[in-house]
């Protein structure tokens, strides 16, 4: 049987994803367990983290396991990922050794590695994550690269709790771009689009212009998913029409893909769309929609204080669910 990783939810069946969510709910009610007793996980961070690191470390501990944190280039050697390269630069060891050696020590490996933001053609290959999965003899978990599947499941769990049902089919779901002074990763948006269409919601991707539409891979996944579920998917640049009648507003900022490596040119374009902020007037157009965001969030830039502090905001609950879904993921993979 092939080794199963958790790289993207699109790689898992709906029944497998539902089983993870069921287990996450069980862990939420019973915090401690022994599903990882005698097991260990290496958490490899190429980029900073607050929620991801704390929730993975605590999750492993609560299930009787042990987590170690490695930061290549800081407290561990810089790693080379190119094949066939003559390693005369700054990197000290190659991923083909790193992943294999870690696999001798631990039972799971988590990887967090953001895009370099210089060339999307390169970044979309997700080389760091896929290299770990290629060479590792143990399961690999995506802790955010160009997708963020752990956030996906925490998001869906929070929506299910809010609506009081595991069946989200037919909900009008708006994934809206929001302004940020910096160009950000598309990972959460890619994942939100994937899971919302996968679970049968009617999805609108709202963004300022065609330049801000997500990568064709995730658009294709969305179209494949709605073909399977009978739901709908559309791209919109009209704020009022997108918000009108929505049941879910999920906000995220990201940089325009055509401008990767040329952000100075993209900045004045992005600055024109500060009005995409999620505010009370836009939320008033919805069907009393629930609002969420993956966090961190710049208040009164991405969303107003009133929206963030309102009773329909579930961002904190979503973040809290990261602990439970990641415990479910670790437990499932460690049992192989």
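Note: Cβ is positioned from N, Cα and C throughout, glycine not excepted.
Carbamoyl phosphate binding, as stated in Swiss-Prot, involves 49, 50, 51, 52, 77, 148, 149, 150, 151, 294, 295, 322; the candidate among 25, 112, 124, 198 given for that site is 112. Counting only the Cα atoms, the space from residue 252 (N(2)-acetyl-L-ornithine binding site) to residue 294 (carbamoyl phosphate binding site) is about 8 angstrom. Around residue 144 (N(2)-acetyl-L-ornithine binding site), the same-chain residues six or more apart in sequence whose CB sits under 8 Å from its CB are 47, 52, 112, 114, 150, 151, 185, 187, listed in sequence order.
The recorded positions 51, 252, 302 differ in how many other CB atoms lie within 10 Å of their CB, and the one with the most is 252. With the fewest other C-beta atoms within 10 Å around its C-beta, 295 stands out among the binding-site residues 150, 294, 295.
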